[in-house]
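What Swiss-Prot says about this protein:
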- 6-36: disulfide bond (DISULFID)
- 14-33: disulfide bond (DISULFID)
- 22-54: disulfide bond (DISULFID)
- 4-54: domain 'Kazal-like' (DOMAIN)
- 43: N-linked glycosylation site (CARBOHYD)
């Protein structure tokens, strides 16, 4: 299982850095910040499927 540490999130603003991650919802998130904010919003139900686009 691939783990991303989201303990520093949520953050109000994410950078425009593009390092895609694929969530367990089959959605591609543009970077760790976008992904971690979504994880927080999902109350922990969202996980990382893999690094890169879905």
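Cβ coordinates are placed from backbone N, Cα and C, and glycine is handled just like the others.
Look at residue 36 (disulfide bond): DSSP puts it in a helix.
Residue 33 (disulfide bond) has 22 as its nearest neighbour among the recorded positions 22, 43, 54, going by CA to CA distance. When the disulfide-bonded residues 14, 33, 36, 54 are compared by the number of other C-beta atoms lying within 10 angstroms of their own C-beta, 54 comes out lowest.
Reported as a whole number, the C-alpha separation between residue 43 (N-linked glycosylation site) and residue 36 (disulfide bond) equals 11 Å. For residue 14 (disulfide bond), the nearest neighbour among the disulfide-bonded residues 6, 22, 36, 54, judged by Cα separation, is 36.
Cα spacing between residue 6 (disulfide bond) and residue 54 (disulfide bond): 20 Å, rounded to the nearest whole number. Note on the domain 'Kazal-like' (4-54): DSSP counts are 10 helix, 9 strand, 32 coil.
Comparing residue 36 (disulfide bond) with residue 54 (disulfide bond), their Cα atoms are 16 Å apart once rounded. Around residue 22 (disulfide bond), the same-chain residues at least 6 positions away in sequence with a Cβ under 8 Å from its Cβ are 28, 29, 48, 49, 50, 51, 52, 53, 54.
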